[in-house]
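The transmembrane segment annotation in Swiss-Prot covers 77-97, 160-180, 243-263 and is backed by sequence analysis. Marked as topological domain 'Mitochondrial intermembrane' by Swiss-Prot: 98-159, 264-374. What Swiss-Prot lists as topological domain 'Mitochondrial matrix' is 181-242.
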Amino acid sequence: MLHFLIRPSTRCAGSPHFNSTSSFLRKRLQSKTILSKRLGFQFRPSSTNVLAEVSTATSGFNPSWWPYALIQNTAYTINVYAGAPWWVSIILTTLGVRLALTPVMIASFRNSTKLSVIQPEMKKELEAIKTAKLDNDQLALNQHSIALRGIYLKHNVNPFAIFILPLTQSAVFFSFFYAIRKMSRLSVDGFTTGGLAWFKDLSIPDPYCILPIINAGLMFSGMQMNRANTASTIGNSTNWRTFFFLCCLLSPLLTAKLPAAIFMYWIPSSLFNIVQGYILKNPVVRSKLGFAPLPSIIEKQPSGFTLITNPIKSLKEFYKGVRDGFKTQYEQLQKDVSRRAVATTSASTIRPNSHYKKLKELNRSKKNSKKQSN
């Protein structure tokens, strides 16, 4: 009944890595030994073997507060205390972290939807600020900057808050990636047999490349769901949709050599995004969370559909769109630089020279008047 804490292992003792979790388990096992002597029976056949199992099971773990170490220790704790296989431990750790990040996600989505609503007002003021900078008009620049800050305060939004969620998710992704990759390379107890179905060994890649393909499809679905929920201008552009689809299409080729354990994080995380997207599409949920309502017209054709039916034409259009976009930006940049140069020259050169000429003419007229008076 009480022997589920540690599973048997065939490895020997003496691992150099022994963290605080292991010392805690050692104390628990010592107390069990004393209790078994008093009761007259043993909880385990041999406490020495159990201690060896604790030592070898923690190979590669560190008592650190870095995010990757916390992820490793959390998954290990679930594996040891619940007796769950490693694929279940990684999935439960993933879901726990994603649930912990839910408040950050809600705050970021609320801010993004408010920004999408006030985008016309923001665009007007930003264009005015840009024009004032090019014309070197400090008065207009200050006026429109104050007006833009007033819009942010009126609607209670922060334009920099949209970066919090992507940065947090990136940090979590790289922490999981590093933690699981390190676990797959080290001799962690039960990792080579802690898989499921055709991927029993979590430390090696999927031999049939099924997990990378499933992950690519779920990533694409999650991107579609988030694009529809935020309804942002960038996410709905044709070029960006094609680019995202190409990334998902090529991801199985780029992730085929990754250990199968990484997909025990990636696939549940993508499923979490899809479920989260379906929940956030509900108008009642959006109103309760303070989200702006979705636009009435959302493109129903899924992005990438044209790429599948006619890939050559779609790739040509994608290349043409990217090229035209860079060309337009370059031409606009040249115009802005020229306009800025003219404004700076007129402010620093033309006005002082004209003023100097007026002073010179005034002094000359004074001298002429003195000569005439004499």
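Just so it is clear, glycine is given a Cβ too, placed from its N, Cα and C backbone atoms.
Outside the transmembrane segment (160-180) by six or more residues, the chain places 66-69, 71-72, 75, 90, 94, 97, 101, 104-105, 107-109, 111-112, 115, 259, 261-262, 264-265 with a CB less than 8 A from a CB of the stretch.
Under DSSP, residues within the topological domain 'Mitochondrial intermembrane' (98-159) fall into helix, strand and coil as 54 helix, 0 strand, 8 coil.
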